[in-house]
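One structure is given here, and the rest of the page talks about it.
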Amino acid sequence: MLSALFKKIFGSRNERLVKQYAQNVKAINALEPSMQALTDEQLRAKTEEFKQRYQQGESLEKILPEAFAVVREGGRRVLNMRHFDVQLIGGMVLHAGKIAEMRTGEGKTLVATLPAYLNALTGKGVHVVTVNDYLARRDAEWMSRLYNFLGLSVGINLSQMPHGEKQKAYAADITYGTNNEFGFDYLRDNMVFTAEERVQRGLNYALVDEVDSILIDEARTPLIISGQADDSVDLYLQMNSIAAKLVRQEKEDGEGDFWVDEKSHQVLLSEQGHEHAEALLAEAGLLAEGSSLYDAANISLVHHMYAALRAQSLYHRDQHYVVRDGEIVIVDEFTGRMMAGRRWSDGLHQAVEAKEGVTIQKENQTLASITFQNYFRMYGKLSGMTGTADTEAYEFNQIYGLETVVIPTHRPLQRKDYMDKVYRTAKEKYQAVIDDIKECQKRGQPVLVGTTSIENSELISKVLSEAKLEHQVLNAKQHEREAHIIAQAGRPGMITIATNMAGRGTDIVLGGNPEGEIAEIEADEQLSEADKAARIAALKADWQVKHDAVLAAGGLHIIGTERHESRRVDNQLRGRAGRQGDPGSSRFYLSLEDQLLRIFASDRVGAIMERLKMPEGEAIEHPWVTRAIENAQRKVEGRNFDIRKQLLEYDDVANDQRKVIYQQRNELLEAADVGETIAAMRVDVIHDLIATYIPPESLEEQWDVPGLEKALQADLGLEIPLQKMLEENPNLHEETLREHIVEAANAAYKAKEEQASAPVLRQFERAVMLQSLDNHWREHLAALDHLRQGIHLRSYAQKNPKQEYKREAFALFSSMLDTVKREVTQVTMLVKVQSEADVEAVEKHPELENVQYQHADFDEALGNAEESDEASDQSVKTFERAGAKVGRNDPCPCGSGKKYKQCHGKLS
């Protein structure tokens with residue numbers, strides 16, 4: 001109550017921020033006449049002036065009013081678009097490293113030009129991040145006219161782009177691209193063999209479009225670069241037929257072999273299921289007689305068994321994937337787009353291929369991975385814009401430290417959002433949807449029908465076809481025609497069916513969008529200028545008639561056929577209507593058979609319907625019901641937030657290690673000479689070897705000198721007569737022995753240096769270190785995955801799984817670095833190097849020639865970690881640094897508590 005009173009007196013924080021930014025808007029508006037008086041050349045010269053002022057120490061905040069005024073004037077001259085005052089506020093919010101929530105149709109693409117221009121003045125690069133290649137190309141081509149006019153260069157970073165073009169795109173002042181491509185380029189840059197091969201030049205400022213889609217929806221799915229592993233295709237087929245013979249339990253503790261937990265997206269074998277599965281595996285010859293499914297040798301069988309069960313019970317055709325040209329193509333559950341070339345990891349994709357009877361492709365091995373959460377937190381400054389961020393403001397603040405500011409609309413919102421209608425069955429619901437569509441058609445009102453899956457969109461399409469109603473379908477199977485369909489969805493009486501609308505990027509203009517037809521007329525060389533002008537005028541007049549007719553009919557009507565598990569996605573669908581103050585309306589039609597209601601709210605809503613004795617075909621429409629559904633959505637959102645937070649807490653451990661490895665790699669690439677590092681490694685390896693055979697502070701009787709002689713010969717190629725030395729000098733101390741062995745090793749390596757030229761040997765050393773580091777890092781990633789998948793079981797032993805994971809991951813990491821040192825020392829000591837051909841043999845990286853780029857399914861990425869206990873949040877430091885690198889005397893980032901130079905800094 002007190003907070004409400006304070007808010008009434010002082011206004012909310014959002015209102016106070018908007019008022020604060022409005023003061024700057026006045027300053028920008030005051031500069032407008034002077035900017036209009038400048039010639040094009042004088043306006044362009046302002047960019048160079050701003051750059052010099054920044055170099056001389058003036059802050060971007062001081063330059064902001066003038067810079068924004070320049071961009072506004074440039075937009076007016078080049079694009080015939082003048083930034084509104086609220087768009088200037090949006091630009092300031094984005095420059096401040098915050099999230100701007102702007103309604104659909106408020107001109108987010110134009111707003112982005114303001115902070116992009118201002119931050120490009122630093123010369124460090126600006127990354128404008130979009131959700132797909134089409135939008136990246138469209139926005140870059142559209143806005144590059146303005147940037148080029150003002151003297152800035154623009155690059156487009158697309159997938160499958162040649163290496164040289166990518167480097168050129170990143171060298172530009174402003175680079176447009178997709179979140180996936182920026183992330184994959186970062187990973188690829190940390191897999192190269194020379195510094196010149198890298199494409200990115202540091203992570204300065206990222207401006208993320210559809211920020212909720214990228215930083216929240218896709219945060220559960222790590223980016224993974226993988227290569228094919230050697231698994232038998234037959235195993236997937238056998239597992240598929242065995243899984244099909246297992247019986248699903250109707251209740252969690254009922255009869256059957258396995259239980260499907262739809263809430264946590266997991267499958268669990270029962271005791272009976274274990275026995276049945278073992279019998280079937282033994283029958284198929286996959287399990288030795290008398291052995292258990294959980295013997296160490298059979299762990300991979302458990303992994304494949306669960307993958308097959310999940311493929312059959314949790315992944316459904318035309319909802320989670322489609323079958324196209326004999327391949328399984330994943331469908332993005334948030335945008336409804338097909339994600340061609342993406343594959344689920346950990347054998348799940350192969351299990352789905354076996355289930356659908358298509359060609360099974362081999363399982364992948366992870367070469368490098370990172371989550372969007374950890375990638376985007378590496379930028380010096382991060383900001384984003386979206387139409388729907390307020391519902392996720394808490395998560396943006398918690399995970400990314402980003403504040404959300406709701407920007408006022410240019411014109412007041414006129415859309416009417418009606419209460420949900422809830423029916424008993426899906427059949428009744430769809431009949432009500434058809435009736436509503438028919439009513440809209442009679443009025444000439446355009447309708448957009450939103451669905452949560454391809455299956456539902458095709459079901460409604462079928463019913464509309466039977467009712468002889470013309471319509472357009474927009475889903476992942478049709479995205480080639482996507483922009484055209486959306487552009488015309490506002491025509492009178494038009495019916496458009498669409499899967500989730502996030503990231504579509506094209507506004508629905510009431511009366512239809514004539515821009516495409518106008519462009520065709522202008523491009524027609526056979527028409528005279530007079531004919532073109534006449535046709536365009538007629539087209540615009542026709543559009544105005546249609547536009548007025550749609551306004552009179554009530555604007556665009558949105559029909560939702562199911563509530564999504566996130567309120568934000570529902571709001572995105574609603575937000576398609578009522579753009580820029582247009583009229584519009586929206587209503588959701590639901591049934592107790594819908595997935596969200598069935599899992600979370602059917603009992604409560606069903607009880608209300610029972611009490612009211614609702615007849616068939618009648619809907620319940622009440623604020624209580626809408627509130628119950630919103631509470632169900634909040635539950636799912638809360639659970640999904642916990643999953644993402646959980647994933648981040650686990651990935652933070654890998655991220656600290658990734659930071660150390662990538663810093664080592666970059667130092668190796670940039671170092672002119674790694675000879676000192678090799679020598680330090682050699683000393684460490686010799687000390688470890690001596691400690692194995694001559695334990696510290698041990699008696700001479702406990703020394704295994706013959707064993708040490710053999711180890712030095714086998715591992716380092718050193719023939720040192722240690723026994724003879726001890727016989728000749730019985731008082732020889734352990735330290736003297738150590739010094740003698742190190743001197744002998746150094747002498748042997750110096751002799752090797754004299755045989756090969758110094759540049760060739762330095763190149764060889766660098767190649768060996770990079771190759772060894774890459775190979776063992778890859779194996780370490782697989783080990784971390786396996787550790788994470790089973791770590792939740794520690795909770796049964798009253799241990800905190802997260803702390804256990806952190807402890808064991810550190811032990812694995814330390815062991816990996818010891819292995820790298822040992823391997824590098826062995827190779828450099830034992831391999832003969834005579835020419836550059838020997839170096840090239842080491843530098844070959846065959847696994848990079850046949851790689852795939854994918855999002856892992858979030859459950860696979862997380863394993864069963866959501867079952868584990870809560871642990872405290874970890875502060876995250878990341879490799880691509882905005883500040884100074886880790887100093888030699890600083891605490892090691894791995895969390896050991898030692899100084900960096902005494903821990904993982906030893907490697908460098």
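Just so it is clear, glycine is given a Cβ too, placed from its N, Cα and C backbone atoms.
When Asp435, Asp436, Asp507 are compared with the ATP site residues Gln87, Gly105, Glu106, Gly107, Lys108, Thr109 in Swiss-Prot, the one appearing in that site is Asp507.
Among the residue ranges 353-391, 860-898, the one that Swiss-Prot annotates as region 'Disordered' is 860-898. Cβ neighbour count for Asp507 (ATP binding site): 18 (other Cβ atoms within 10 Å of its Cβ, all protein chains included).
Neighbour density at the Cβ, taken as the number of other Cβ atoms within 10 Å, is lowest among the binding-site residues Gln87, Thr109 for Thr109.
Looking at Gly105, Gly107, the binding-site residues in this record, the fewest other C-beta atoms within 10 angstroms of the C-beta turn up around Gly107. Within the same chain, residues at least 6 positions away in sequence whose Cβ sits under 8 Å from that of Glu106 (ATP binding site) are Val86, Gln87, Gly90, Ile407, Thr409, His410, Arg579, Gln580. Counted within 10 Å of its Cβ, the other Cβ atoms near Lys108 (ATP binding site) come to 22, all protein chains included. What surrounds the ATP site, by Cβ distance within 8 Å of the Cβ centroid and not counting Gln87, Gly105, Glu106, Gly107, Lys108, Thr109, Asp507, is the set Met102, Thr104, Leu110, Val111 from the same chain.
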